[in-house]
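S.K.: Straight from TrEMBL, here's the annotation block:
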type     : residues                                                             : note
DOMAIN   : 30-426                                                               : domain 'FMN hydroxy acid dehydrogenase'
BINDING  : 56, 183, 218, 321, 324                                               : glyoxylate binding site
BINDING  : 109, 110, 111, 138, 181, 209, 297, 352, 353, 354, 355, 356, 375, 376 : FMN binding site
ACT_SITE : 321                                                                  : active site, proton acceptor
């Protein structure tokens, strides 16, 4: 009953996780300790975290209209079920930046995970390794780059075939795909140091976030003065900077006096970069990594997607930072089709923002995304039960996607899940009230 086994096909039968839960309940009386229904999961998360922890993960920009737009966009697209299709063996596997992965889902980069569980990013990194799914590490991590790499390998030690390993410069091998999300400050020496550490640690794709030089206006965070870096002991969230030799050599004395020095100068520094800086950064990453892919995260228009392709990006992440940056903006799924039409045959497109269910993943893929990132879901899981909670939520999402494909009549992600699988409902409106919970 192990859903990571591969009895047939190119991906596990994730659907077996449902049967496993049923069997444990019926034969042992063991029930899940919390609900994975998104509405109920976010509500129960409130009871598990402090207000600061909860709102750091769940605050939205302004009135939350962009967050609602993300969910409304999913609501308007409807799956068209097909009958009498052989879906006994599903193929959820995809190729992404040279890695063959068993399902089209990535762990999105989310910072300061120690707000949700004491082990922080070590938990989702380990679970991603267990599942063979790419893990994206945030520059705002509350664990060092090196420690997260070790945790990711520990989870993946016995599941990744050798020909899928990602090679690193010193000749060692990362056992599961992992990417590094870069927040770029304005000290090029520090930027290069971060990229070198990431590459040496087996992070073989660089993902630059371009929508968050400055944190968006999030009233629920304002109400709590919710900026963990200024609160005692002043170390949480500084781990990547505090473990960086270049940053510490140049600014370590300032960090001792000002616990916000790392985050305020190298992460959310408030000083925007422009397209003109991108060729330099891409060149540095290519030099360090031997030519591995460079991705821009934060694209919401076809015009910007074309620019990203023109400057040499191999991929983009279509995201509005889960509605946390610009209030009243377009839903991420709304703009996905036009972005796919513009560059989908030229570069990899990863979708992000508003994903809650297997059906959501299906819809984003049908509209042309090559893969989907999820973030809040795994955070909510680890807030409940740490490693076990994170694992339960992610296995549940994979089972949901696998079962959706089974009962809807689509056997292959890459062959069958296309726009023909969806119908758009122009008059659809997301049910009142639910946006406030999600």
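From the backbone N, Cα and C atoms, a Cβ is placed for every residue, glycine too.
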S.K.: For residue 375 (FMN binding site), identify the closest of the binding-site residues 56, 183, 218, 321, 324, judging by Cα separation.
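M.R.: The smallest Cα gap between residue 375 (FMN binding site) and any of the binding-site residues is with 321.
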S.K.: Please find which two of 56, 183, 218, 321, 324 have the most distant C-alpha atoms, given that the record lists them as binding glyoxylate, and give only that distance in angstrom, rounded to a whole number.
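M.R.: Spelled out: the longest distance between any two Cα atoms in 56, 183, 218, 321, 324 is 19 Å.
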S.K.: Among the binding-site residues 111, 181, 297, 353, 355, report those whose Cα falls within 10 Å of that of residue 321 (glyoxylate binding site); none is a fine answer.
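M.R.: Correct set: 297, 353.
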S.K.: Could you state the whole-number distance in Å separating the C-alpha atoms of residue 297 (FMN binding site) and residue 324 (glyoxylate binding site)?
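M.R.: Taking the Cα atoms only, residue 297 (FMN binding site) lies 14 Å from residue 324 (glyoxylate binding site).
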S.K.: Quick one: pull the CA-CA distance for residue 111 (FMN binding site) versus residue 56 (glyoxylate binding site), whole Å only.
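M.R.: Each residue's Cα considered, residue 111 (FMN binding site) and residue 56 (glyoxylate binding site) end up 10 Å apart.
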S.K.: Taking the Cβ of residue 324 (glyoxylate binding site) as reference, which residues of that chain separated by at least 6 in sequence fall under 8 Å from it?
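M.R.: The list for residue 324 (glyoxylate binding site) reads 59, 60, 61, 67, 216, 218, given in order along the sequence.
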S.K.: Cβ-Cβ under 8 Å from residue 56 (glyoxylate binding site), same chain, 6 or more residues apart: which ones?
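M.R.: Those within reach of residue 56 (glyoxylate binding site), by Cβ under 8 Å and sequence separation of 6 or more, are 112, 115, 221, 226, 228.
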S.K.: Could you give the mean pLDDT over the domain 'FMN hydroxy acid dehydrogenase' (30-426), rounded to a whole number?
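M.R.: Taking every residue in the domain 'FMN hydroxy acid dehydrogenase' (30-426) and averaging pLDDT yields 94.
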S.K.: Rank the binding-site residues 218, 321 by the number of other Cβ atoms within 10 Å of each Cβ and report the first-ranked residue.
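M.R.: Output for this query is 321.
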S.K.: What Cα-Cα separation, expressed in whole Å, is found between residue 109 (FMN binding site) and residue 183 (glyoxylate binding site)?
M.R.: 11
S.K.: Would you mind checking how many other C-beta atoms are within 10 angstroms of the C-beta on residue 181 (FMN binding site)?
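M.R.: There are 24 of them.
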S.K.: Write down the Cα-Cα distance for residue 183 (glyoxylate binding site) and residue 353 (FMN binding site), rounded and given in Å.
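M.R.: Computed Cα spacing between residue 353 (FMN binding site) and residue 183 (glyoxylate binding site) is 18 Å.
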